[in-house]
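Contents: one structure, followed by commentary.
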């Protein structure tokens, strides 16, 4: 038995006169004076079907009992709607199907929420009934675009000579960075597998094994606290190459990225993408993932305010802190309440306050202007290029606090002043991150990325003497202020790798225990190698203009790492625990 001969949402006036068989779910049912109209939905959209007793009394009688989300199959002829019934807002709005036969395939209970877009339903309810939520057009469209984007990655990477190779899901735990998800081994009592946080080590092994261009659509797992753009399991397009320098590799990735956006969205991206080194990104935008859809850059005002009597600035300069400013062009429209809200906001990032000055036709005005000489004020106006109607914001603190506070305030002000063009796609590379950062909690240095990242060649000489000044040969791909991918050149010299481990406090025994097979492999002619990984969930979220990656994942977890539909994680039987040589402590 054939249920359907066409998809509902793609029928047009070109199909008028054709006999068609359709199947799907009842979206809406309307009874207009004895003629019953039903919007029949499938994954492509919906079409209006008409039950007229003059065409089929039996089908009309059956349609009396139809309710929302009943599953039916119908046969009928496509005809043009009368002019007054045309709906230009939908693709099928010029046609309707006159039903000759109907088969009821299944009934449905009343859904707990409307299965339409623009619904005001809590996310918890949607996730509990995800099998219903998936029927909504926006959800399907997001997942279909994800499929298209993933397919485009496969096509363009394959066209560039990359080979799809699977790497193990069960591996040993190498506790660096986030916590591992652990899987107990039944056959090896007391031993555990770890689910991969990334295929990093295995893809380097593939390069040593002679696979010079690898990719994989890889499932990765991290046991970390969640937020809007994080999940315990996530998907990345994992990529590695050998015998390519950074410029060559980034050029390939730019072309792959541009081709994907062109194929899926029809948008031409200019290449090459702009590049900013990490230090310039922080100095200009206060962020290592800057949103460049608008200006509003940070301004160094230290020389302009030097010699002023404002204690906050004087103390900052005396303690060798930094002072930076944002010039909110047209900020005169911001109220005192807005300024107070901004002051509270920067406090989240450690700022002890937010100084401000309005620019009027009389010059600078605020309760702190009296502490600045006319010369100071003149220099502030010059260096900030401030004009009447602008509003200046200042933070004076350590570099970390100042950049974090103003970098985030920059985004908040841009939203408030409507400076962001939501239709823009601004890609850029942020390169040469610090190789190490200081962990104040652990009181030691740690790897900014991972312990296999190579330093830039010119900084190898200071690797042991000034490690915190060493730049890494790394690159992050940023889209509209969000990191969507990142990677770098890898260490392929076992001697350099040993120095890195030593600096990180990983002794020879510990290194061998965690990474022994990679360290052994590096001794057998490892080639120069580099790579990166794109976060598919985040890529799709941004291109689809969604606020959360949960909107672009078929079965997402909540911020507590739970699946509300299936009820995982869950308890297991005592017998299962015994087989795994485990017991639960109360």
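Positions of Cβ are set from backbone N, Cα and C atoms, glycine also.
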Swiss-Prot has 222, 223, 224, 231, 535, 536, 537, 538 down as binding ATP; which of 166, 283, 483, 586 does it also list for that site?
483
Of 192-195, 196-199, 200-203, 204-207, the range Swiss-Prot labels region 'Aspartate':
200-203
Have a look at the recorded positions (32, 222, 449, 490, 538) and report the one with the fewest Cβ neighbours inside 10 Å.
32
So if I draw a 10 Å sphere around the Cβ of residue 483 (ATP binding site), how many other Cβ atoms end up inside it?
15
May I ask for the distance between residue 490 (L-aspartate binding site) and residue 538 (ATP binding site), taken between their Cα atoms and rounded to an integer number of Å?
24
Other CB atoms within 10 A, centred on residue 536 (ATP binding site):
23
Summary of DSSP states over the region 'Aspartate' (200-203), given as helix, strand and coil counts:
4 helix, 0 strand, 0 coil
Take the C-alpha atoms of residue 538 (ATP binding site) and residue 32 (site 'Important for tRNA non-discrimination') and report the distance between them in angstrom, rounded.
46
